[in-house]
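Trainee: Checked TrEMBL, it gives:
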- Thr116, Asp142, Asn172, Ala173: S-adenosyl-L-methionine binding site (BINDING)
- 28-39: compositional bias 'Polar residues' (COMPBIAS)
- 1-20: region 'Disordered' (REGION)
- 28-50: region 'Disordered' (REGION)
Amino acid sequence: MQTASRALRASAGRTRSGFGAAATQLRANHTQPQPQAHTGTADASPRTTSFGFRTVPEDSKESLVKNVFDSVASNYDLMNDATSMGVHRIWKDTFVGDLRPGRRGPMRCIDVAGGTGDIALRILDHAREEYADRETSVEVVDINAQMLKEGFKRFKKTMYHNTPQVSFHEANAQSLPKEKFLDNTYDLYTIAFGIRNCTSIPDVLKEAHRVLKPGATFACLEFSKVNNPLLAAAYDQYSFSVIPLLGTILAGDRDSYQYLIESIRKFPSQPTFAQMIRDAGFSTGADEDGGAWTDLWGGIASIHTGVKV
């Protein structure tokens, strides 16, 4: 994957819950997709991966995902409302609240695939409101410039505008530029509803491990596997019948919403993803709900955490 670099300064803000600040956007390649599959002979056939339910050449997935998020960027919150029945806001509050940023003093955080900044806003608000912490900072990283533009627009309304507490960077989560994102730098790495869109989840996890300090926390909020058969059947019916229709009605874009649903179904199960996190060098809890992960709404989404050892 190529990485071109482009530096771009920005600032952002919001009044009650937010962050703004000098923002540097590094042009790179997109973050996120999924496990890779190899087809054919080792020396001739191209590597492939999943794009929803389709199998595509690995080197084309990034541009396909970019097209999806270019399309949905201006309606991103609406998209999340559709895919989560509106409860993604509660899940994000739980995600950040459980991490308790600021509890042990100012933190340096990196929020990956966080272009619109809703997780970063929550981190900064939590630190300020719960611990009177105005020194915690968040570096928001996304591969998609359109998503970052939406976040920038939001942050201009916040009290964090033009402060060192937030910056924005256009970069690839699978290969964060080492000259900008140094080894052993961050106290907290968050990624919410983004890692399933990456071409190589193991590469994203390795980069997370690299940039975190020893003892620091990796935290991921992602759609997951529903374990209750009745709930799973109802959720499948809603997902495949209602959500693409909502995409057509609300955003005029059925295909992007169809991909997002398919990408959820292709994401690894909770135990499989927990093992991937351990394989990257993190320590996790036991392979159970309340251990390596915490299920939300019966597993429609899950929070995974790991500690760099």
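Heads up, the Cβ atoms here are built off N, Cα and C, so glycines get one too.
Model, not experiment: these values are computed from the prediction.
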Trainee: Over all pairs in Thr116, Asp142, Asn172, Ala173, the listed S-adenosyl-L-methionine binding residues, work out the largest Cα-Cα distance in Å.
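Mentor: Overall maximum Cα spacing for these binding residues reaches 16 Å.
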Trainee: Out of Asp142, Asn172, give me whichever of these binding-site residues has the highest number of other Cβ atoms within 10 Å.
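Mentor: In terms of Cβ crowding, the pick is Asp142.
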Trainee: Would you mind checking how many other C-beta atoms are within 10 angstroms of the C-beta on Ala173 (S-adenosyl-L-methionine binding site)?
Mentor: 32
Trainee: Using a 10 Å cut-off, grab the number of neighbouring Cβ atoms around the Cβ of Thr116 (S-adenosyl-L-methionine binding site), all chains included.
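Mentor: For Thr116 (S-adenosyl-L-methionine binding site), the count of other Cβ atoms within 10 Å is 25.
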